Amino acid sequence: MTNIRKTHPLAKIINNSLIDLPAPSNISAWWNFGSLLGICLILQILTGLFLAMHYTSDTTTAFSSVAHICRDVNYGWIIRYMHANGASMFFICLFLHVGRGLYYGSYMFPETWNIGIILLFAVMATAFMGYVLPWGQMSFWGATVITNLLSAIPYIGTNLVEWIWGGFSVDKATLTRFFAFHFILPFIISALVAVHLLFLHETGSNNPSGIPSNSDNIPFHPYYTIKDILGVLSLVSVLMVLVLFSPDLLGDPDNYTPANPLNTPPHIKPEWYFLFAYAILRSIPNKLGGVLALVLSILVLAVIPLLHTSKQRSMMFRPLSQCLFWLLVADLLTLTWIGGQPVEHPFIIIGQLASILYFMLLLVLMPIASIIENNLLKW
């Protein structure tokens, strides 16, 4: 008798994507992050669901309801901090996942890559709206500053901002709709993840060498299920150390002050995972230019497949490109640091140079390095 997992309509889908999936025999730990992102998403949806049971999306009670969750709800504090720090873990995995794709040329699967970019935007939007919900000072002013950026759009900008606000400032209507969007988006993300995997399983996974692995595939289970469990245990360990020992390490103290429209915090800054984009935004003295640079800092990923000039897919055997890749990593860390600093000398010029270098590396230097490497192969 044929195994039921191979014949049952539902079990067959799970079997083909998690059990009998042919996977390259040489994929490294860098390929763990896809499953880790799935775990993060499930964790965020579950903790978020329990938080939503006790949260009220009203300007007068939002801040108090979060305090109530932490003080009065059974294990509310751990659910709240797992949700807040789970977002940080989510973004760490996201950045590493995208970095892996850049390094090993996974962007040569265009559908998978483009849906990944849409997913990145969706997760960033969800995280931004979630940060507004506790209705602390940084929530309120972050929402005000970021939504205000849309007013830079010519002609329709001001109307668009007021439409998003549901009034003439960030208020009750804004908070309510942000809660609604923050609740629905993770389910949209889940659907996009399914499409992301659908396209990935059409081609099969890439591998570190960048060479087709059709002649040397192994079943996903038990090899990579066991390998993924190690990644999951590591992720959960780091998350729980963060949650149980220093839950506010990555947060902003200003968010423990209730939102006050009459008092602006000295330094308005987003969560750490948006600081690189915030630094790029601030490095341009023009409002519209800054907004465009902010969007392009992520959207630039979409043109990377078009700029692939190398004869090899992966950077594994391309030392020049490797140097530029790690320079890009250092540049992003610099931008993250600058994003959290006040707008004054010398941070302004460092931010501007780091922003120029970011776009130069991705759009100019890396394609040129690939051409040089192609020519070196002829020697």
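A Cβ is built for glycine as well, from the same backbone N, Cα and C atoms used for every other residue.
Features as listed in Swiss-Prot:
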TRANSMEM  33-53  transmembrane segment
TRANSMEM  77-98  transmembrane segment
BINDING   H83, H182  heme b b562 binding site
BINDING   H97, H196  heme b b566 binding site
TRANSMEM  113-133  transmembrane segment
TRANSMEM  178-198  transmembrane segment
BINDING   H201  ubiquinone binding site
TRANSMEM  226-246  transmembrane segment
TRANSMEM  288-308  transmembrane segment
TRANSMEM  320-340  transmembrane segment
TRANSMEM  347-367  transmembrane segment
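Contact check: the transmembrane segment (347-367) against the transmembrane segment (113-133) gives fewer than three Cβ pairs closer than 8 Å, residues 6 or more apart, which falls short of the contact criterion.
Looking at which of 33-53, 77-98, 178-198, 288-308, 320-340 has the most CB pairs under 8 Å to the transmembrane segment (226-246), the answer is the stretch 77-98. Take the Cα of H182 (heme b b562 binding site) and measure to each of the binding-site residues H97, H196, H201: the nearest one is H196.
In this structure, the residue listed as 'ubiquinone binding site' is part of a helix by DSSP. Recorded stretches compared: 113-133, 178-198, 288-308, 320-340; the one with the most Cβ pairs under 8 Å to the transmembrane segment (33-53) is 178-198. Counting only the Cα atoms, the space from H83 (heme b b562 binding site) to H97 (heme b b566 binding site) is about 20 angstrom.
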